[in-house]
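Listed features, source TrEMBL:
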BINDING   CYS65, HIS69  Cu cation binding site
BINDING   ASN470, ALA471, VAL472, LYS473, ASP517, LYS533, SER548, LEU552  ADP binding site
CROSSLNK  LYS717  ubiquitin cross-link
DOMAIN    350-589  domain 'Histidine kinase'
DOMAIN    615-732  domain 'Response regulatory'
MOD_RES   ASP663  4-aspartylphosphate
TRANSMEM  20-41  transmembrane segment
TRANSMEM  53-72  transmembrane segment
TRANSMEM  92-113  transmembrane segment
Amino acid sequence: MESCNCIEPQWPPDDLLMKYQYISDFFIALAYFSIPLELIYFVKKSAVFPYRWVLVQFGAFIVLCGATHLINLWTFRIHTKTVEVVMTTAKVLTAVVSCATALMLVHIIPDLLSVKTRELFLKNKAAELDREMGLIRTQEETGRHVRMLTHEIRSTLDRHTILKTTLVELGRTLALEECALWMPTRTGLELQLAYTLRQQNPVGFTVPIQLPVINQVFSTNRAVKISPNCPVARIRPVSGKYMPGEVVAVRVPLLHLSNFQINDWPELSTKRYALMVLMLPSDSARQWHVHELELVEVVADQVAVALSHAAILEESMRAQQQLLEQNVALDLARREAETAIRARNDFLAVMNHEMRTPMHAIIALSSLLQETELIPEQRLMVEAILKSSNLLATLINDVLDLSRLEDGSLMLDNGVFNLHSMFREVLNLIKPIASVKKLLISTTMAPDVPELAVGDEKRLMQILLNVIGNAVKFTKEGSVSVTALVAKAECLRDARTPEFIPVATDDHFYLRVQVKDSGPGINPQDIPKLFTKFAQPQTPANRNSGGSGLGLAICKRFVSLMEGSIWIESEGLGKGCTAIFVVKLGSPDRSNGAVVPFASNPLANHIQSSFSGLKVLIMDENGVSRTVTKGLLMHLGCDVTTVASSEECLLAVSREYRVIFLDLSMPGFDGFDVAAQIRKRFSKRHERPLIVALTVSTDRLIRENCVRVGMDGCILKPISVDKMRSVLSELLERRTVFEPL
């Protein structure tokens with residue numbers, strides 16, 4: 001039995017047409033699948049198309065159509081029953097969806113045609129602009145409130161007014177229920193409730209500063225929302241049941257003058273903060289907006305600036321008050337010091353006058369007594385009296401010099417003098433004392449030491465006598481060497497005298513003098529005390545040496561006036577001592593040959609021993625002083641007449657008198673007036689007597705006034721026989737004699 005073929009034979013295929021259909025269905029399916037992808041992209045990018053769900057349906061329809069065409073690729077051959085069912089189902093679904101889409105398009109096409117896409121776009125843009133304008137208006141309003149608040153808090157520099165005004169203005173601007181400010185206590189461990197808006201809670205309540213909520217607020221400069229139940233937010237009393245409003249807190253930096261360091265940068269480690277707490281009304285749905293928080297933050301910064309300004313003002317006012325009080329105290333101290341200085345000067349002037357007058361009698365009479373026939377014991381007594389009197393006169397001079405040095409009234413009397421002659425004179429005064437102690441004194445003058453110099457010869461000589469005299473006084477045996485040289489400024493800098501800064505000039509030079517002895521030496525620890533007033537090192541060698549302890553103190557001040565320095569070197573007790581000083585002297589104009597240097601005693605080798613027949617007139621109010629001066633002159637062979645008043649002197653003056661000694665401390669018509677009257681009587685100088693002032697004052701004005709009224713000399717009491725002899729010799733030789741005061 002032959003098998004039966006149940007499948008009906010297919011039409012004979014046209015191979016070329018089937019190939020075209022096959023390719024066409026493939027590309028149609030590919031196109032259908034790409035269209036939904038494009039629609040999806042369009043829907044995502046479009047912001048104004050309202051009917052997106054229609055596009056979804058349309059996309060599904062196209063996908064199904066594409067799937068149908070894709071399935072058709074398999075219909076060109078014989079398939080099984082399953083394939084036919086699938087194809088039938090797909091085509092039925094395609095028909096349903098396509099029909100539904102077609103019917104839907106009929107209804108929505110008019111709506112699609114009525115949509116105005118541009119107007120919708122502009123409407124959206126307008127709404128966006130409205131939102132931006134609202135934000136700008138909010139920012140402007142915030143700025144206006146900030147400016148208003150800033151103006152209010154900047155209108156005063158009182159700290160309490162600033163803080164209270166800030167709370168009031170913030171409460172009014174933001175419609176707050178409560179606003180409070182917590183300030184740090186003095187210990188910095190707690191925050192104290194200092195100011196409140198409604199004053200509902202008592203001020204003074206404190207909370208620990210280490211609370212977590214406080215640390216959270218202090219750690220940022222932004223306003224922070226905090227719980228209404230935290231300790232710093234409980235700024236109103238609890239009454240009944242209510243819903244508390246939102247609370248924010250912000251830190252307020254507290255800057256003071258002590259916080260500012262180099263370049264005015266605050267020191268962050270010591271910065272302290274206050275805490276400002278703001279509460280919205282209770283039982284309301286209102287919340288904090290961003291612009292309100294920004295307003296709070298800006299105001300907190302402005303308050304910090306205002307408080308810093310107030311702190312600076314308070315500090316400056318406090319400093320001004322302290323400065324005023326200090327100025328008043330200084331002015332009072334200055335007045336008291338001036339009063340004390342005047343009292344001291346008055347006392348010294350009285351002491352000087354009252355002591356020099358009897359000292360004049362003691363020294364003069366002792367010197368007269370010394371030149372008489374005396375037994376050895378008497379001569380020793382007279383020499384002891386003279387020595388003690390000279391020491392007392394030196395002490396008086398030292399005290400007066402020190403007083404004038406300390407109050408700044410002593411000025412150097414600079415002039416041209418012979419530097420070499422001055423050294424020789426000092427050594428001539430020291431050598432007799434050294435020879436008694438059998439000490440060898442050697443002098444070395446460097447070749448570059450000029451013969452003439454400009455400076456205060458008397459003060460330089462006083463320095464040399466003090467320094468060399470100390471070396472001789474404290475050295476029992478051995479030698480004393482004196483070295484003088486011109487030192488270069490750059491070689492004089494010494495770590496022991498950092499305040500001494502020599503400056504080299506063409507018109508000046510630095511004289512360096514070194515005095516070295518083989519005496520007992522000085523403990524290095526005692527060296528700084530040597531230049532202190534009334535101070536002497538306690539060594540066995542100087543316990544019985546005498547002295548007031550003023551010599552080196554005065555020398556140091558004289559050296560400072562001469563822009564120099566003085567110091568002492570010693571390796572210790574028993575190893576000798578070296579005193580070194582440097583002074584700045586002027587170089588005279590060597591082209592001026594008419595300059596004659598002044599020597600302290602230029603006639604030392606030409607002093608007359610007798611002035612027999614020399615007629616002298618003495619005017620002195622003090623009877624003892626008048627008698628003593630007369631005795632000195634009579635001892636020298638003079639014919640002496642004495643008067644006790646100015647009137648008697650003017651009546652007695654005549655051409656027969658060669659010399660007139662006038663005491664300046666005369667009552668009423670003083671010695672200056674008498675000298676002026678005498679000069680008027682004699683028109684020719686060679687006919688006029690030589691007028692010499694006798695004074696106990698070391699005031700520089702005395703000498704100036706003597707020169708002004710035309711006197712020929714000025715001599716300081718006390719006066720010994722040798723001094724009077726030298727004065728008369730110089731006066732008769734030069735017709736002038738002015739002792740440096």
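The first residue you see is number 1, and the count goes up from there.
Glycine is no exception: its Cβ is also placed from the backbone N, Cα and C atoms.
Taking the features listed in TrEMBL, we show where each one sits on the structure.
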| residue | record | Cβ neighbours (10 Å) |
| --- | --- | --- |
| CYS65 | Cu cation binding site | 20 |
| ASN470 | ADP binding site | 24 |
| ALA471 | ADP binding site | 26 |
| VAL472 | ADP binding site | 19 |
| LYS473 | ADP binding site | 19 |
| ASP517 | ADP binding site | 25 |
| LEU552 | ADP binding site | 23 |
| ASP663 | 4-aspartylphosphate | 24 |
| LYS717 | ubiquitin cross-link | 23 |
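Within the model, the domain 'Response regulatory' (615-732) carries an average pLDDT of 88. The domain 'Response regulatory' (615-732): residue composition by secondary structure is 55 helix, 25 strand, 38 coil, according to DSSP. For LEU552 (ADP binding site), the spatially nearest entry among the recorded positions CYS65, ASP663, LYS717 is LYS717, judged by CA separation. The CA atom of CYS65 (Cu cation binding site) is located 133 Å away from the CA atom of ASP517 (ADP binding site). Residue pair LYS717 (ubiquitin cross-link) / ALA471 (ADP binding site) shows a Cα separation of 28 Å.
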